[in-house]
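Worksheet: one structure, shown below.
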Amino acid sequence: MSTPDPRAPFLPPLAELRERARVVAVPMRVRFRGVMVREALLIEGPEGWSEFSPFPEYGDSEAASWLRSALEAGWQGFPEPVRQQVPVNATVPAVPAARVEEVLARFGGVGAVKVKVAEQGQDLAQDHARLAEVRRLLPLAAIRVDANGGWTEGEALAALTELADYRLEYAEQPVADIPGLRAVRNELRRREVPVLIAADESVRREEDPLRVAREDAADLLVIKAAPLGGVRRALDLVARAGLPAVVSSALDTSVGIRAGVALAAALPELPYACGLATVSLMNGDVTDDPLVPDGGFLPVRRVTVSPALLETFAAPADRRQWWLDRLERVHRVLAGAAG
Ligand SMILES: O=C(O)CCC(=O)C1=CC=C[C@@H](O)[C@@H]1C(=O)O
Ligand SMILES: [Mg+2]
């Protein structure tokens, strides 16, 4: 497969993007990544609505991939799907065990659940309790955990050796760096602990997203459309990596989730349920017909944005300005890359 053209897709003039940009602040039902409000800049392009919502702490060059992804959605459109619906997992944030039932209920029936573990300020007993509750409520579900790099190697080995009793499908980013992932993976195999290792941050936040695969540091990759520069770039990455991929969200509105669905729908193989049901964690959306799961699946379809909801969730003026300033800086980064 060829290297994606760094200039593609076409970069519209900043004035055009600014003029069409809408900034929303959508409340969460439950704290996730430490936030209770998710902000996003949405732009309507000729091919449909697009979302630019890099997390606020990300710098401009990292955010440039998110803008590329938005431009693909709005100005280029998505590649042809090979399936018309995609299986999804429920996502359980690092909530107390007593809240698990209420969180799971938001997702309707699903066959897979991702549980956050290793949250700062919590301990392994809390992870155990959360996982035990998920297993009690869904005895047959595929369960995976996501530590967001929160364990040391020693902690990861100890924790996963114990948590394997819940029949874990895989552990996402148990430790922060690639040599650590590789070491944990090798040691778990040596101990015959049946937990696969997935890389997330080590793919989407690395200079070289193929390094994990090259260094044999994970069994599978977590792939997100926006941080990887869009659906086509993510597809190219998966093809080059030669590892199974799980598509996951960036905690987007339904507009951003649409890109994730397009990615999952276009992958030649989709062996795992995708982490694309996160609209269910939000207390609002920009469409009257949100991309939330039905029977454990999301459909492959367009998202129609509601002008009334854009008003309802319009961000305060200072935050709107913050996003417009960011858009301007990141546009400059992409214009530089194209020059
Ligand atoms: O994968 C899922 O089930 C939901 C998405 C999800 O967990 C994430 C979305 C956005 C940011 C990340 O911190 C987080 C992740 O680590 O995968
Ligand atoms: Mg993750």
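Each Cβ is built from the backbone N, Cα and C atoms, and glycine gets one as well.
Between the candidates Asp123, Asp127, Asp165, Asp200, TrEMBL assigns the Mg(2+) site shared with Asp146, Glu172 to Asp200. Residues Asp146, Glu172, Asp200 make up the record's Mg(2+) site, and a Cβ search at 8 Å around their centroid adds Lys114, Arg144, Val145, Ala147, Asn148, Ala171, Gln173, Ala198, Glu201, Val222, Ser248 from the same chain.
Its own atom aside, the Cβ of Asp146 (Mg(2+) binding site) has 25 Cβ atoms within 10 angstroms in the protein chains shown. Proximity of the recorded positions (Lys116, Asp146, Glu172) to ligand 2: a Cβ under 6 Å from the molecule is found for Asp146, Glu172. Mean predicted confidence for the domain 'Mandelate racemase/muconate lactonizing enzyme C-terminal' (96-191): the pLDDT average there is 97.
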